[in-house]
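Copied over from Swiss-Prot:
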BINDING   Gly13, Ser14, Gly15, Lys16, Ser17, Thr18, Thr174, Lys175, Met176, Asp177  GTP binding site
SITE      Asn74  site 'Stabilizes the phosphate intermediate'
REGION    261-285  region 'Disordered'
COMPBIAS  265-277  compositional bias 'Acidic residues'
Amino acid sequence: MPRYAQLVMGPAGSGKSTYCSTMVQHCGSLNRSVQVVNLDPAAEHFDYPVLADIRELIEVDDVMEDRSLRFGPNGGLVYCMEYFANNFDWLESCLGHTEDDYILFDCPGQIELYTHLPVMKYLVEQLQQWEFRVCGVFLVDSQFMVESFKFLSGVLAALSAMVSLEIPQCNIMTKMDLLGKKAKKEIEKFLDPDMYSMIEDTSNRFKSNKFKKLTEALCGLIDDYSMVRFLPFDRSDEECMNIVLQHIDFAIQYGEDLEFKEPKENEEDKSENFDEFFQDRADEP
């Protein structure tokens, strides 16, 4: 039987560890066994048990303290991940060979690991050799995405990971439970965005015509090919977590030997589900 994996990615502070913790608890309530592997050598703490912890292999602090290497925080993390890529046998021994595994890999947040270095690509290829079906889960903080230019930055980061890793990917806006009513109303348009209208709304903020043309070209590429869409993630809402999990399961065909169901919303009614999600919260006191 195949094994399953989520590669949980996103900028620092986007809620990767919280997502892993919440998803483990949610899957536990569904009688599904899910385990977590920490791949962040700079992680300080997390509130869930881990199947494997890269800090047992190598830590950023140890690398930075090595005077022969003379690395700072970013260089130290890159060194750690390259060292990890040369020691996948350590990960293999930690994972074992149990069939039907479902594992969340909590990854570091430095974007250069996905855009400039092949380390994460090597990891994906190795997991696939071990018969894992891998889905990328790219998280962005919804509190960061309430402005059009910041949203475009988040979209490009998600797109970079998608193009680099060449695996199915679900993009998720986290911390929806922390937004106020006004912010929730603003963020709704970014879940299934019309990139052209977003540019029109901010056209008076461009300081350079070249910058405007570049932004328009990027937005056109994203919009024309429907390359990036986001799902809301509210850890206090079971239905919201179910929708996210169903999309990921569908991407990796989890439980394909059973009668598999499509995600709850089709493209036609996706916006209706988002409307219901925000309407429920608008009615809250």
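Heads up, the Cβ atoms here are built off N, Cα and C, so glycines get one too.
Feature map: Swiss-Prot annotations on the structure.
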residue: Gly13; record: GTP binding site; DSSP (3 states): coil
residue: Asn74; record: site 'Stabilizes the phosphate intermediate'; DSSP (3 states): helix
residue: Thr174; record: GTP binding site; DSSP (3 states): strand
Least buried by Cβ count (within 10 Å) of the recorded positions Asn74, Thr174: Asn74
Listed in sequence order, residues with CB under 8 A of Met176 (GTP binding site) and six or more positions away: Ser142, Lys184, Ile187, Pro232, Phe233, Asp234, Cys240
Length of the line joining the Cα atoms of Thr174 (GTP binding site) and Asn74 (site 'Stabilizes the phosphate intermediate'), in Å: 25
Candidate with sparsest Cβ neighbourhood (10 Å radius) among Gly13, Gly15, the listed binding-site residues: Gly13
Distance [Cα-Cα, Å, rounded] between Ser17 (GTP binding site) and Asn74 (site 'Stabilizes the phosphate intermediate'): 20
